[in-house]
Structures are given as structure tokens and as C-alpha cells.
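Below you'll find the structure, written out as C-alpha cells, and then a few comments.
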Amino acid sequence: MTGTVATDPTPSPADRARRTFSRLAGHTLFWPVVALVVLLLACGVVSPGFLDVTVQDGHLFGQVVDILRQSATPLLLAIGMCLVIATGGIDLSVGAVMAISLAVSLTYIAESGSGTTVGTALTGLALGLVVALVIGAFNGFLVTVLGIQPFIATLILMIAGRGIAMLITKGQITTVTSPPFKAIGSGYVLGIPMPVVIAAGVFALVVLLVRGTALGMLLESIGINREASRLAGVKSRNITWFVYALCGLLAGLAGIVYGAPTMAADANNVGLMKELDAIMVVVLGGTKLEGGKFSLAGCVVGALILSTLERAVVIFHLPTQVTPLFKALILIIVCIAGSDRLRSRAGAARRARRTPAVPVEVAA
Amino acid sequence: MSTTSTTASEPVVRMTGITIEFPGVKALDGVDLTLRPGEVHALMGENGAGKSTLIKALTGVYRIDAGTIAVAGTARRFDGPADAQEAGVSTVYQEVNLAPNLSVAENIMLGHEVRLGPFVNWPATRRAARTHLARLGLDLDPMSMLGTHSIAIQQLCAIARAMVVDAKVLILDEPTSSLDKAEVAQLFDVMRQLRADGVAILFVSHFLDQVYEITDRLTVLRNGRLVGEYLTAELPRLELVSKMVGRASEDLADIEKAARRTTTHDLTGREPVLRALGLGRDGTVEPFDLDLYEGEIVGVAGLLGSGRTEVARLLYGADRADSGTLTVRGAGVRAASPLGSLQRGVALASEDRKKEGIIGDLTVRENIALAMQAERGAWRKVPAKELDATVARYIEALAIHPANPDALIKNLSGGNQQKVLLARWLATAPQLLLLDEPTRGIDVGAKAEIQRLVAELASEGMSVVFISSELEEVLRLSHRVVVMRDRQKIGELTNGPDVTASTVLETIAASGSAS
Amino acid sequence: MTSTQTPAPATTSRRTKGGAPRPGSTGGIADVARRWGHRLADRRFLPVAGTLLTLVLILVIGQARYSTDTRSFVNMRLFSNLLVDNSYLLVLAVGMTFVILTGGIDLSVGAVVALVGLVVAKLLILGVPLPLVLLAGVLVGTVFGLLIGVLVQYFSIQPFIASLAAMFLARGLCNVVSVESLAIEDKGFTDLASWRLKFGHGPSIWYINLSMIVALVVVLVAVYLLHYTRFGRTVYGLGAGDGGQAVGLMGLRAARTKVWVYVISGTCAGIAGILFAFYTRSGFNLTGIGMELDAIASVVIGGAMLTGGSGFVLGSVAGVLVYGLIQVLIAREGLDSWWTKVFIGAVLLLFVLLQRALSTGQKRRRKKNKEESPAPPPAAAPAVS
């Protein structure tokens, strides 16, 4: 019973301020938000009109709106990924799923020959989503029923998925003309770009689903201690399966939102490496890859960082090809700043000196 | 075998004034420890007394803030386990810290393997491993994977490894906690052998019997401070315990005597809460019959590995039975599962608090809510108000400290974690509570509280199965005692004034063939 | 097994004087055979056996379908071509094996291969002497490995994320070096790339080239490191599932070893980058996308567990050969190249299912063992992640 609770000496005001700061800095979202703000400010300084938003033809325009629009795809992917990661899993197949769902939708619309009707576009959308859901459920089956490690289970479709998308498009880049379908990616609702509306709507729904019910807590409990959760009666199989299916569905939606503006299903390139972007977004948002506690709000911050970064490269007149370099820097900086090891080093240098490679339970 | 020429009066380890601070807490405060060659020295203290910290100071895992460590007369400052090992201080930790995916030979010899130029000479290394095993009276295939052996064998391999360097000091941190009786005897043979060879052994154990059986001297710690060093033979048991817990020995005697259950329970004509008929699982526990009644505490006694835990797991459905039937309140149960059991009003508090109990990164509130919530399913969240009231009630009733529902459970002490887990199960309002070692590894105060609670719950009508390796505790609480041996239920005793620990032990011994 | 596990209490008297008891000192040949039987049936070897079986199966299918009267499908030329086409993948897989054995992962290798190719091409264009260029190329990989290792070990960043960052970094740097394909026309380099020994005549002619030799040397060095040094056993110990805690407490240099495996993987990526440049005679910023997945898939097909602690370099070699043969079969069947991906995915699925079945079988067997031996711990539940 000793030693786990530090006794507080009477705090002086300066002390209290310091403690408030350190509590703030200790929040998982502190460094990601700092990174985002710094990025936005830097862009604002270099390009004075950066933060302006104007209304043209009843639509919102501006750099910030563009950034929001760009964030939609990674956010959709990250939301599903975040829940999967919370269970201690990972889904590497989302990039390939994007390609497959888009291929299915566009192939259906192309074959139907009536691409201009709303009904066809919606059926195409639904078909793409159903296929994505099935793939997600397949991943979930491998992980939960067969007990295969998530990394490997989803690696299978990450590798094979793009080949499957190619089979669907018969190796062609399927292009169609379907204004209703295109609107999914480039339309507006009340002046707000459609992808932003979709992403925001999905975010709100998932937050409601996860935090309005006990799903979130159970996900975290599965991710932290699966066996203890099982003994507490948690149906970890069903819950885990559900999030993989949801992750697949959202990846399918992301693929359609991403590919709709061009109406071209390029099986080789749609969603290429997007799974890694999504994982990066989740991690930037303060969710640990080993599972457990997760933050959906963090995904929003992470997705915004990612697209702001991409925009910033343009604003700073750098060649767009070097974007990965900055992704790497941000990822390393945020991870190192958030690393427990560093915190303990900065916070209590003396303890760090003594901390062995193993976390130590103090005098327990 | 190294024969140490030093006389018994010349210590091989002398630690003085050892102080180690963690943020906000002094884990050790000016502690002394002296080890002499050819002695078995017990390090005693409750959880949190600083035993582990002191050991880690001696093995170089922690650096000390003040004090000195001298090994064989020279002052040392260790920079890690390797450093300490070089100076002749070897450690075998509580949980076997070897690599289960490497061979026995590799686990014993790695770091001291025989070389042939730039290559490891495997045949010679295996031969050397075999020699070291033989020194401990073991005949194992050095090429077999360590993970395929029992924990006891792995433990002895760890000792073999520790002795490869001809250690002058051998630290055994709770080596017996997962061994059965025969294995403990084997371990003690090995320890006596090493003692005769002049090795100083530092022995940490919760089992007083073992301490009195094997040790020559003991050092007692309490709350990070030294209480004193004593000759084992000259310190009566009760006095030792009172030094460990820091209470007068009379108080303790009271606790020992308190609430010894003598009333028998009239069971005639009542329907059991749970009835198991021929319930069993291949390789885990032989088919057994068991009836559990309302308001009754049934103790399960038996040595570790006798199938106690397995019985509880079968009743709860943590493991699936492959024979027999299970009936809960008259209704047959097919394919018991944890969730199903909870819904039928059966709860199991597992013996492995860390692996099968707490959800470390979640709060006390969430940990209490977990089983309740699982019972309702993911979609129907327990209303916040109801949950807050429940949590507050249990924090108060069980005196959970700190009384903060938002504290992360991993930051609580072992005893308080145990109480939170009890709260988790009680919150599901079970009619049958299976408690597997609920008092293991927690301090005496919390232990007494939990015992009191169990008795109270039963008097309110709950049926309780109480599993513990401490016979005294089982006998104090139970109306009936189920005796297990070698994965079989070998008897059932109705508790009464004439039933004592030795009665139970006799039952265990009597029906068994020589082992 | 059990008889050796449960020494009777009186066994202290069974101490040996001078020298060890021989294996099976009581049972003679039958006993020795039984022990070896146990060892071979060890689950460590079973997945590799599966890989070899698949290899043979593919060869048999190939032999049946594509042999003509004049030419057999299985011949030296097939293997020579396999190695020529996949030497870089072989080297990558070897490096990846080290990392995966510790339970880690290295996603950066594909990007590093691209970067090394570009660096080599650029330096050669700038007129830097060839030996220096080759050294620099390998060192680029080493540095990336070191970066990942340091991030993983000293900043506790998960290998996945650390190597992901390294991958982004390498891709970004590629684009800094050049966004266009750089052809390598350096005489010395192309000479090295085209050097080969010729064997046989006519249609059965086959070659040994420098890439094959380098790959072979890398494999041999890896076998030596993993199986004949303390370092190698530490690598296995790190994969035991407790984050290297055990090997640390055993006094082995866990931290340093963990950094080293990434350095080795990075260095292998550097070497593979040069081999790939030999193969393509150019550097291009978009090469190697997904190459890390090929390497990981090969290692898994080769029988290694991604959780670490189990697998063999030679298994990974077999995995690469399976990978290469699938490509050959697809080409011979005249199928489009994307079929390769689908097939690799299917083979991966098959192997993962096989491993799964094996480990369940193993568990069942262990449970049986427990039945016969005393004091088992409660069975640990299988962790899914």
C-alpha cells in the first residue's frame, strides 16, 4: 500500500502553474495539437491569405477548406483503424480495400450503362460498401475465429487485394461518367464540401456508437487485457469482429469518396500506402499502437496534421515529392515528444537514471 | 565447487545504510543486510516492505542513493545484473526469467558458452550444461526447449544457470511460490547442497514453514526500514509475524483465533445453487461431483497443482468441460462460458490478478463496471448515475484506497486491486462467488478485511467457494472443505472443531499412493 | 520426455563425477533415436518442413506441366534464374528474419533499396570512385537501421512506427536526390553487374553472377551469426515474448542486440539496394514500393512467427524461392502479373492457417504433457495480437 501515491507538498502559485502546464503537456493530445497549430501558423505567416475563407457560388472556398476536404479520406480510414488498434490489432488492408470498393462501384456503374441516374450511382455506392464490409468481416474472421495475428491476417489482403481490384477492372483503369457519383467526392452540402460532410457525419456517428454505448470501454478493456476481459464476460470475439468489419466498411467509403471526383478506378494506385497514412494519423492522435486507450478526437487532429502538412509543402514552395520527408519528421517528433521514456527522463531525471529497461512497480 | 576459505564470521555481502528513493516515496531507508558464506538467509517483510527493492539494489538493477555495498570485503557499485553476476551475485527471480523458446542448454550456458574460435561449440556447451544440471540432481535433455518443461523444472534450470558462474551469493526471490511439495523438497535439497559448498543464499518467501525449515538467519524489513536481523531458530513464529506487520503479537493471536467457524450448516432438503456431476476436463481435472448451497462457504484445499484452480475454472466456464453436467439452480448448463455464468449469477475471481483480473490502464470505476457491463452487452451502457452509486458504495464498503474512482487501477497496491476486483464481481450480484486465492500476495490487514467480507457475504445468503493455499484460512472460513490431490477430488470434510490443518493434510496423504 | 522431467526426490544421489552422463545412458540406440525423433518433430522445424514441401510441390507441378521432351522444367538454369532475379529479395529477407525473430518489423527496407539505388547512381554520375560508392550505398542502409534501432530501443517507439517513419524519411530523401530515373553507365559498375560464370551448353546453360555470390555469403554469415554466436541466441531470446526482459536479466546485452538487429536489417537493405541496382542498372525513386511486404511475406512463408522467437534463415531462403517460383509459374501460365499478388496472398493465407493448426496441435500435445507432469501453471490463454 505504500509508495504508489505521491504525497503533495503544499503548492506555491508558481508550482501550481508548473503543474498545470505539466498536466496539460501530459495530455495525449498536447503535442499533436501543438504540431498542428505550429503548422497552421507557419503557413499563415508565409501565405497571409492562408486562413481566409470566402464564399463563391454559395460554396466555401479557401486553403483551410481544402485542408478539411483533404483530411476526409485519411480521417475515414483512421476512425476504423483507431478502433481496430484499440483492440490490439491492426488493419493493413485498408488501402487495398479502397481500391477494391472503388473498382466494384465504378465497374457496376460502367456496366449498367445508365451512370447518369441517381439510382445507379447509389446502387454502385452500396455495392462497393457491401464488398468492403465483407472484406472487413473476412479480416475479422481470420483474426477472431482463426486466431491469426492481425498483422499477418490483414497483410494477406494488403498483398492480394490490389490483384483482386485488378481482376475486377480487368487490368484497365475503369472510367465512367456519372455526375451523381461524382458528387459524392466533389459536391457540396450547404456550401460545405461533401467529403467533409461525410467524414464529419461518420465521425459523429462513430463517436456516438463508441462512447454513447459501452463499446468504447469494452474495446479498451480488450486491448489492455484480453484474457481478463474474457473472464469478465466480455464477448471480445464479437466486438473485435465488429470493429474489423466497420474498419473495412469505412475503408470502402474512403475509397469511393477519394476516387469519386475523378471517376476513375486505378487499381494500382488508389489508396496506395494509405494504410500507412491512416496508422500514422492514429498514432499522431495519441493512440498507442499496442492497443488499449484510444482517442477518436486524436484521429481528427492527426488527419488535419497530415493534410496541413501536405498543403504546407506547397505553400513553402517545396517540391511535393519531399512530403514524405516531413511526414517522417513530424512522426518522429510527435512520437519522441510523447514517448513515456522521454517524459520520465525530463520529468524526473533521477528516476530515469534508475529506471531499468523494464517498467518498475514501485515498492509493490 | 568453489570452497570459500572465509570463516563464517566474515560476511560475503555487507550492505549498509542502503537508501533508494522513487519520486514521492522512499522505497528503502538506511537498510543493512549481511550475508555470510554457507548460510541460508531469509529476507522477510510484507508486500511493500522493500524486499524486491533491496534485492534489485544488490543485483544492480537499481542504483542506490545512499549507502554502501561490499562484496567479499571490496566496496562495489553495480551497473546492472551482468556486473553483479561477475562479482559473484546471481539471482533467480520469482517468475522464471529465462527464454522458453531456447533450449535448456542455451538457457543455462548463454553468456558462458564454450567457444571454438569464433563459433559456439555446441556439443561442449551441451555437455557443460548437462554437468551443471547433474550437480542439481537433474537429468534433462539439454537440447529440449525450455518451454516444454514444467515451471518447477524451469526454476531449477534458472538455478543451474545462476551456479554456472560459481556464484558466491545466490538470491532466490520467491522461488517456491509455484512449486508443489515434492518440488520444494527437491529445491531445498539443492539449497542445502549449495550451502554445504559455502554459497550464501538469500531466500525470499511468503511461506513461514519454509523459512523455518531451511533458513539459518533472517532479516526483517518493514515499510522500507530495517527491523532487525535474527537467528531463525531463536525467533518464535508469532514474534516474527508481529515484527513484519508491526503489531503487537497479542493482536495477531486474536486475529488468528477470531471467527473460527464451528457452526455446521443444515443442508437437508435444500436445493443446491450449483450441482456438478462428473464434471471434468481432460488433462486438467478428473471428473468430480460437487454441490454448493446458499449461504455456504466451501473451501478447496490442496497443494498447488492439485487442480484447485481448475475446478473453479470449470465451474465458471473459463475452461470448457469435456465430461459431466453442470446444473445451476436446477437448470442444466450446456457449454458454460464466462458471460453465461455471470448471467446465471456465478462469478469467478481469478488467482492471477495481473493477467486475468485487472485492466491496468482503466480506472477503478471502469474496472468495477466491466463485468456488469459485459452482462448487459456492449450496447446498453450502465447509466452513469447507477454506476457512480455502485462504485461509491463498494469503495466505501471495501475501504478501497485511494477512494478515487478515477484512479488508474494499475497504480493501486495489490490488496486494493484485489478489493476492486471483488467489487467488480459483487456488482454483478452473484449468487455463487468463486474466489481463487483472493488473499495471495496482499498484506495482513487487507487479508483480514477480505476474510471478514467473505464471511459476511455468506451470512447474507451468498454461496462462496474459497480456494487458498493457506489451510488455516480455508479452515477458518469454510463450512465444508473439498480436498484435492493430483487433479482429483479426493474428499470432502464437514468443518468442525475436530477438523484441523493436520486432518486435511492427513486426508491428502492417506488416499495417495507414494509419490 | 516426462521421465526426464520428474526426477524422484532421491535423485540428488545421481550426481555425476567427472564428465556428463551420455544422452540416453540407459536406453542405447533406441533412446537416442527417440530423442532425435522428438527434436525433429519439434514445432520449430515443422513450418519450415511445410515450406520445403510447398517448394517441392511447386517444382513437381512445374515439372509436370512445363517440361518438354528436350528440356526439363527443373534444371540448373531454373535455379540460376531464380537466384539472379531474387538475390536482392533474399538479402532483404535475411535481414528481415533477424528483426522478426526479435518480434519487431522493418517497413523501411523497400524505400531504403530505392534510396541506395539513387545514391549509388548519383555518386557514380558525380564521378566518385566505385569502391567508395558501394561502401556509401551499404552505409546508407546501415544508418537507417541504426536510426530505427535507436528509436525502438532508446525512445520506446514501436518498431512498426519507427520503421514507418524511416520509410517516409527514405522516400522523401529519394525525391531530394532525384525524381527521375538515373541510369548507371559507370564502366566498373556495369562490369560488376554483368560479370558471371558460365556453366553447361546450349539450352541448359546456366550462370553464377556476383549478386548470387553476395546473397549466398549474406545467408552464410546470417546462419553463423544466428546459430553459432551468443548474439544470435540473444536475438532468439529477445523474441521470447516479454520484450527482452528475460535475456536482460540473464545478463545478455538485450538493449544492444535489439539495436543491432535493425542495423543488420538496414545493412542488408543497403546491400540489397546495390544488388537491385546491379539488376536494373539504374536508380529510381519509385522502385521498391511494397518490397518490404515481399520480404515480410517471404519470411512468414519461410516459417517464422511474427511474434518472434521462432524461425530460421534457411526457412526464409526457402520462402523467397517459393515466392520466386510462383512468379515463374504465373509467367509460364501466361497470366497477367497481378495474379502473382493474388497467388502470394493465397499462399500466405495457406501458411498462416498451417501455422495456426500446428500451434493448436502443439498446445494439445503440451496439455497432454502437463497431464503427466506435476505442477502445471494454469494454461495461458492464446493472445491474438
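Residue 1 is the first one shown; counting continues down the chain.
Cβ atoms are placed via backbone N, Cα and C, with glycine included.
A Cβ distance under 8 Å defines the sequence-distant neighbours of the transmembrane segment (A:28-47), meaning residues of its chain 6+ beyond its ends; these are 63, 284-287, 293, 295, 297-298, 301-302, 304-305, 308-309, 311-312, 315-316, 330, 333-334, 337-338. The transmembrane segment feature in TrEMBL is assigned to A:28-47 (among others).
Residues annotated as transmembrane segment in TrEMBL: A:67-85 (among others).
Distant neighbours of the transmembrane segment (A:92-110): 77, 80-81, 120-121, 123-125, 127-129, 131-132, 135-136, 139, 151, 154-158, 160-162, 164-165, 168-169, 174-176, 178, 181, 247-248, 251-256, 258-259, 263-268, 270-276, 278; these residues of the same chain sit at least 6 beyond its ends, with a Cβ under 8 Å from one of its Cβ atoms. Residues or ranges marked as transmembrane segment in TrEMBL: A:92-110 (among others).
TrEMBL lists A:122-143 (among others) with the feature transmembrane segment. Only residues 6 or more beyond the boundaries of the transmembrane segment (A:122-143), in the same chain, are considered here, and those with a CB under 8 A from a CB of the stretch are 80, 89, 91, 93, 97, 100-102, 104-106, 108-109, 112, 149-150, 153-154, 156-157, 161, 178, 180-181, 184, 240-249, 251-253, 255-256.
The annotation transmembrane segment is assigned in TrEMBL to A:150-168 (among others).
Residues or ranges marked as transmembrane segment in TrEMBL: A:188-210 (among others).
TrEMBL lists A:239-258 (among others) with the feature transmembrane segment.
The transmembrane segment annotation in TrEMBL covers A:324-342 (among others).
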Cβ contacts under 8 Å made by the transmembrane segment (A:67-85) with residues that lie 6+ beyond its boundaries: 91, 94, 98, 136, 150, 193, 195-196, 198-199, 202-203, 206, 210, 219, 223, 243-244, 246-251, 253-254, 257-258, 274-275, 277-279, 281-282, 285, 287, 289, 291, 294-296, 298-300, 302-304, 306-308, 310-311
Region pair the transmembrane segment (A:188-210) / the transmembrane segment (A:239-258), three or more CB pairs under 8 Å: yes
